[in-house]
Amino acid sequence: MRNVKLILLAIIILINSFVTTACWNYREVENLAIVAGAAVDKGEKARYKLTVEIVKIAAGNDAITESKLMSAEGDTIFDCARNAISVSGKRLYWSHNKILIISKEIAEKGVIEMIDWFNRDSETRANVHLAISTENTAEDIFKGKEVIQSIKAFEMEEMLKNEDALSKAPRTEVWEFANNMAEEGIYGCAAAVKLQKMDGGEKTPAVGGTAIFRGDKLIGIVGEEETKDILFAQDNIKGGLLVETVKGKDKDREIPISFEIFKSKTKIEPVFNKNQVKMNVDIETTVTLAELGGCKDFIGKKGREELVKLSETILKERVEKTIKKIQQEYGTDVFGFGKRIYENHYKEWQKIKDNWDENFKNLQVNVKTKIIIKNSAMLSKPLEVRKN
Amino acid sequence: MRKEVITDKEAICILIIFTIGSTLILGIGGDAKNDRWISGVIGLVLAIPFLLIYARIQTIFQGRDIFDILIILLGKIGGRFVAVIYVWYAFHLGAMVIRNFGEFVNVVVMPETPMFVLMVTIGAVAIMAVKLGIEVIGRTCAYLLPILVVIIIIVQFLGISEMKANHLKPFFSSTITSILDGAFSSFAFPFAESVVFLGVFFTLKTKKSPYRVYFYGVFLAGLLIIAITIRNILILGPLGTSLYFPSHVAVSRISIGEFLQRIEVSVAFVFGVAALIKISICLFVTAKGVAKVCNLNDYRSVVIQLGLLMVYFAQFIYKDIMTMSDWAFKIYPFYALPFQAILPVFIWIMAEIKKNKITAKKQIA
């Protein structure tokens, strides 16, 4: 009896292991079209044209990855993605998507249509980087030539990730942008991408600059240096260089100097005075003197003090200038000044939130800068040129 | 039949896993935005008097379950009538948790698999667990809880790099009503759901145990839930309120050096275990109740039927996930109020009166 039971059990287990071990809807790797990056343009026949960069995995001893472009049109992003089946015969697989590039033309009308699907669908990931193309179309970016990696979208992701050491473009993920759209007292921004000429006339995708939004609508793009100032005012500087030129001993010869930023902290404190609000922006940056292109001694005690003072004024002036420019030209609070008030001074915010956009344009911002030079790298003196 | 006994430690473990159950994945607090955790704390405090009442009822009638107690207090017919109400509550709660599990797996991982398959699978495991008895469930919990807690704590620390402290500020930015609303909702789901354990803790050994178990259990679970809520707010910010499964998304953001990422499966694991235990406990209480009401010798004879019914019920209980989340946060607190608060208070008052009579009778005799 016991044996019969055992045998029966064994048979049941055996049959089950054949019959029930399978996936309901399994998909093999070679049947997937893995999306690395996506670009959205205005469509010719339908509302949107979606161009995706697909990773082709060639089987073999070494896995070789190749990039391939493919586009499809549709009335929504998901529609485009599904219509791509008729082009490739394979379903797009979105989990490895790294970047979403949107053309200027449609970003100006609002990007909510593009980013909703990335936040909502369970296959797409919400930590896709958001970027705006400064070229005519977003698709153009993918038509550039890659430099190091074979996949352009992965390359651009690396660029964005390494912005920490450059600070010339903000790094915004789709979910973060969605948060900024909803939060009070801040407008989102995204990185700008463009094509850059290389030797030999070929163009390659490059990241740099900030796309400025109002709500979900693109209203302008500012350059790389101004981006750094914006990042200073947002307290988002993680590294990068601070480059300036100062006058040396010879009146006609300027000395270029680069500081490498190691730590930067920006304190943003609103000051309330009756019905007026003022913003105090205190930037404290720890740098090393990484390059000193001249003979003047800026390292000794006296020279150092002079250099610090000079650099502080230069930094202060450029940040102030950029803030003023944003206030006057765009009038959108990309710095999140309003958000600071909302978070730390909730009661006052209730009074001013309704016309914050107007207030922001005329907001008085006091920038204070403090630069701490912690070392001058390996050299303790400037290089010398023998006189005679 | 041998009397089943669980130790205090096992009971605490069951209660903790039961309480974090589906809350872990659905979150608490409803509309209170970034003050959801405050709602959680208030909800936990609100639950204290009721925990005292549950524990007191259990102490007065040590070794008897809620259905026995009702029959003693209200007589054979009245007692059975109220007992049926509690059977319904446990049955409904179990079905809701099965459905939560089904929806979660369906939305997040397997959108094309019929939900019924998923629900039958977890239902079958729960049926097996209940057939094996409460002692087995207790020992399983004592074994699993440390694993779950370690996973939760590790994930909590891994998430630090994604957290932004300013998402918590400003405190009390949502209106008082929405905070209290959230508190009420988190009182009903999950803290006061521990009323179901009146049908389980007759297995405790000593008279003091119920107090100890209820307090340690619900408080530790409350701490875990509040810690998870704060983590979710810190990682997700304003977007968190519009997610069905905030924990899952919050953990999916964690990415440490390109190497340690996509660890959201840990949430699914913890939720799977916790849902299983919660369903098992509900099924156990339902079966126990049906057996008592119908005068059966052993509850085990009705477990399979009730378990399958529970799964079927879960299938048509909600139309879609929108109804589910509406129900869980808006309607459920009011629906559960009689079971969680009103009836227990009545039972407790009657128990205190009856207890004196019983002791008086004894003295006369």
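Glycine is treated like the rest: Cβ placed from N, Cα and C.
In TrEMBL, annotation is done automatically, which means it is predicted and not curated.
Features as listed in TrEMBL:
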type	residues	note
TRANSMEM	B:12-30	transmembrane segment
TRANSMEM	B:36-57	transmembrane segment
TRANSMEM	B:69-91	transmembrane segment
TRANSMEM	B:115-134	transmembrane segment
TRANSMEM	B:141-159	transmembrane segment
TRANSMEM	B:179-202	transmembrane segment
TRANSMEM	B:214-245	transmembrane segment
TRANSMEM	B:265-287	transmembrane segment
TRANSMEM	B:299-318	transmembrane segment
TRANSMEM	B:330-351	transmembrane segment
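In terms of C-beta pairs under 8 Å, the stretch of B:12-30, B:179-202, B:265-287 lying closest in packing to the transmembrane segment (B:69-91) is B:265-287. Between the transmembrane segment (B:141-159) and the listed ranges B:36-57, B:115-134, B:179-202, B:265-287, B:330-351, the one holding the most Cβ pairs under 8 Å is B:265-287. Long-range contacts of the transmembrane segment (B:214-245) within the same chain: residues 11-12, 14-16, 18-20, 23-29, 31, 33-34, 36-37, 40-41, 44, 47, 51, 54-55, 103-104, 107-108, 149, 152, 156, 159, 162-165, 167-168, 186, 190-191, 194, 197, 253, 321, 325, each at least 6 residues beyond the stretch ends and with a Cβ under 8 Å from a Cβ of the stretch.
Beyond the transmembrane segment (B:179-202), the same-chain residues lying 6 or more positions past its ends with a Cβ under 8 Å from any Cβ of the stretch are 11, 14-15, 18-23, 28-32, 35-36, 38-40, 42-44, 46-47, 50-51, 54, 57-58, 62-69, 86, 89-90, 93, 134, 172, 209-210, 213-214, 217-218, 221-222, 225, 281-282, 284-285, 288-289, 328-330, 332-333, 336-337, 339-341, 344.
Across B:12-30, B:115-134, B:299-318, stretch B:12-30 shows the highest tally of CB pairs under 8 A with the transmembrane segment (B:36-57). Using a cut-off of 8 Å between Cβ atoms, the transmembrane segment (B:115-134) and the transmembrane segment (B:330-351) share fewer than three residue pairs, counting only pairs 6 or more apart in sequence.
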